[in-house]
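Pulled from TrEMBL, these are the features on record:
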type	residues	note
DOMAIN	4-84	domain 'Cadherin'
DOMAIN	85-193	domain 'Cadherin'
DOMAIN	194-308	domain 'Cadherin'
DOMAIN	309-413	domain 'Cadherin'
DOMAIN	413-531	domain 'Cadherin'
TRANSMEM	530-561	transmembrane segment
Amino acid sequence: KLHSDLDKGVGTVKYTLSGDGAGTVFTIDETTGDIHAIKSLDREEKPFYTLRAQAVDVDTKKPLEPESEFIIKVQDINDNEPKFLDGPYVASVPEMSPVGAYVLQVKATDADDPTYGNSARVVYSILQGQPYFSIDPKTGVIRTALPNMDREVKEQYQVLIQAKDMGGQLGGLAGTTTVNITLTDVNDNPPRFPKSIFHLKVPETSHVGSAIGRIRAVDPDFGKNAEIEYNIVPGDGGNLFDITTDEYTQEGVIKLKKPLDFETKKAYTFKVEASNLHLDHRFHSVGPFKDTATVKINVLDMDEPPVFSKPVYTMEVYEDTPVGTIIGAVTAQDLDAGSSSVRYFMDWKNDVDSYFTIDATEGTIATNELLDRESTAQYNFSIIASKVSNPLLTSKVNVIINVLDVNEFPPEISVPYETSVCENAKPGQVIQTITAADKDLSPAGQRFSFKLSSEASNKPNFTVHDYRNNTAGIEARRNGYSRRQQELYFLPIVIEDSSYPVQSSTNTLTIRVCRCDSDGTIQSCNVEAIFLPVGLSTGALIAILLCIVILLVIVVLYVALRRQKKKDTLMTSKEDIRDNVIHYDDEGGGEEDTQAFDIGALRNPKVIEDNKIRRDIKPDTLRFTRHRPPAEDNTDIRDFINQRLKENDVDPSAPPYDSLATYAYEGNGSVAESLSSIDSLTTEADQDYDYLSDWGPRFKILADMFGEESYNPDKVT
């Protein structure tokens, strides 16, 4: 209520209201000044309003007092319940946790005024989820209420939480939320086999490394806490098997580590232990986290192929052994209960296998052809054995036959030696050390012996000193040698081996006499020393040299006759020249100097006629200034020359002797190249005139003059 001291109650004062909510939320009686709320108020929406009031004169409309400001505060009532803004909640706690283990804290919010009364005072309680969990009434912290809660018994829990204002008193407003709590796994359970004995049946033909069975231990835990490791307990039969863990199913996979044989052993028994990989020390008191079971394996009898007594057979035979000789045998047996006979045959792969045969019943191996160690020293082939009762069941074994050597080749000097002896050699001087080689496969300790042949022992030129280590030295026996008296010496050397039967060969060593200095360094030798075959005699060498000399004499005579013929032809051609030839000693002016002298064409008076054109004088129409044409006109000049040459060839009035036409430039494509004497090379010896022979009979004289005659500068005119 508003009231002015100037208001006498006679209606002369008027009250006005302005500010927050004036006219909409609040109204004022203009006469009495009473303020009324015309709308429901909500403190949570607007907790206070600021208004301004004024008293004015009704008649003059002038304010009677200054404008005054006042605040209307909305008083709170408990009209809002607590709310869980983050709900519903999800939480987890490890299984087997002790009482009071922290799980989660929840929080509810009340929109009422916390400073006025108990409208915003919240208290928490559990409506659903007891007796497993508890909650602090003031803080909202949820904890476990029971010990040893087992995930394997119950994993999920749903707890209903209530928050009530007014301190939980009667009449207070309440809100609820749910908390989903999951018990997480811990390794509190050891693995256990569902049964104590596992029976497996395995065929004896199972391959090594193959899986022959599976066993499984059960662990109620989850994840890594349920991972199991299997091991075979050392004992009877366990060494033939191995066990691994299937990481997806956690099963124990039993694998075969060694082959099984029903005839040897029909059953195996061993124990398998299953244990956890990840242990929790808090539960060691529960007991050992492992379990043991017995595995019994029965081996099933299968029809198997024959079995050879050895994995590989190795035999030896001498080369040149007669065909049909037995060199060894292979043996295979059927180990099944109903033993069957075995048949043998060779596994043919190539032609080498045809050198041997095998008896199908006894398994004996014999030679089928003569053997040569130098051709093939070892044979490797396969023998197949099959059961008579079931030929499809076969087994294979490798047979290696080594061919032993028979001493059939004599030793020889290993390499060709270039042996020489100095003219000033002294008696006892070693001029060459030789070694020997044998194509036979020499046994350990075989020795070669060296000596001179019987016919050479009587000649005191050289001797052989056997060092008894498969080498020998050639020693001089004379005090000096003369090349003029004898240049070559042929020394026959006999070499024997120590095998049986003894083989020997005679090798001829050629020794050349050379001129040496005082230190024994060779200064000159006619030819290199070589090994000559035993059958090549000195007479044969002389006959070969005589034939070579006769051929050289024939060639020299032929060349001399050819030169004599060329000289006669040149003199004849010079006598045909009709005009006087004037010799000039001065040097010409070069190719451009065309007026230095005039050369008259050679002519034959017998064919001169008035109505004939002289072919030995250049026509006036062909006279032009001599100069070297540019490179791009070469084609035109060549065509011009070819045209004139063709006219001379087909002209019946041409003289019967050669005419020489000189041109300043011939062109790049001509086979004859330049015919100009001025533009020629320095000497005729640098030129090749063989092409003149290809120009026909009219150029025969020029071809004879320049084709074979040697160049002489004194004959140039």
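The backbone N, Cα and C atoms fix where each Cβ goes, glycine too.
For the domain 'Cadherin' (85-193), residue counts in helix, strand and coil come to 3 helix, 45 strand, 61 coil, using DSSP. Here the domain 'Cadherin' (309-413) returns a mean pLDDT of 87 for the predicted model.
Applying DSSP to the domain 'Cadherin' (309-413) sorts its residues as follows: 5 helix, 48 strand, 52 coil. Counting residue by residue with DSSP, the domain 'Cadherin' (194-308) contains 13 helix, 54 strand, 48 coil.
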